[in-house]
Amino acid sequence: DKIVGPGNIYVATAKRAVFGQVGIDMVAGPSEILVVCDGATDPDWIAMDLFSQAEHDEDAQSILLSWDADFLDRVAASIERLLPSMERETIIATALRGRGAMILARDLDDAIAVANRIAPEHLELSVEDPQAIVGRIRHAGAIFMGRYTAEAIGDYCAGPNHVLPTSRTARFSSPLGVYDFQKRSSLIMASAAGAAQLAKTASVLARGEGLTAHARSAEYRGAVEPAAEPGLS
């Protein structure tokens, strides 16, 4: 009844094709990382964090956001120096050219606003006090807090689910979790007195829509005098 889990473009296309006949968790796109950094983290660490998503796929998205222009330059230098040592150099280079960016924000507030607009799959808060700003992050699949919390440990062993919303869908969806394997039913039970009270409202609304059977179904149980049909005196 439901298909869940990650996959490549073929899996995503298949899930989209059967949606409506069965349930799905989400249609996931290429991997994404957004790093918000105050400029005090080792630039080699940040460069490798960007590589960690870029090596997945040539369409992967890797973005660094900082309000320290000198730090952006240092990370750019780290990327240039470290890239030739990567086994997936060609894939990483293609991804960074196509969907990589280093963005200079005005300040921390501007960086948070941009991060919420991007709504990334993975968000690293590589700052001195991530607890002070995490409450202002509204849209992100998984949030990695502090300089030592690399996205890679979330991929493999830190514990969060690795099936995360991509392509800005973190604005309205969440990581795969136990609630994706549950469903709910609404329960309604009215007493005779309750039916009599609610029938008055239901009758007026139903007759206003011209749905007489709805109205009379409620009126029978509530012993309500039928409301006048719209337009009739």
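Every residue, even glycine, has its Cβ placed from backbone N, Cα and C.
For the Zn(2+) site, Swiss-Prot lists Gln53, His56, His214; matching the candidates Asp129, Asp155 against that entry yields Asp155. Across the structure, Glu121 (active site, proton acceptor) and Ser31 (substrate binding site) are spaced 7 Å apart at their Cα atoms.
Shown in sequence order, Pro30, Ser31, Ile91, Ala95 are the residues of the chain, 6+ apart in sequence, with a C-beta less than 8 angstroms from the C-beta of His56 (substrate binding site). In this view, the densest Cβ surroundings among the binding-site residues Ser31, Gln53 belong to Gln53, judged by other Cβ atoms lying within 10 Å.
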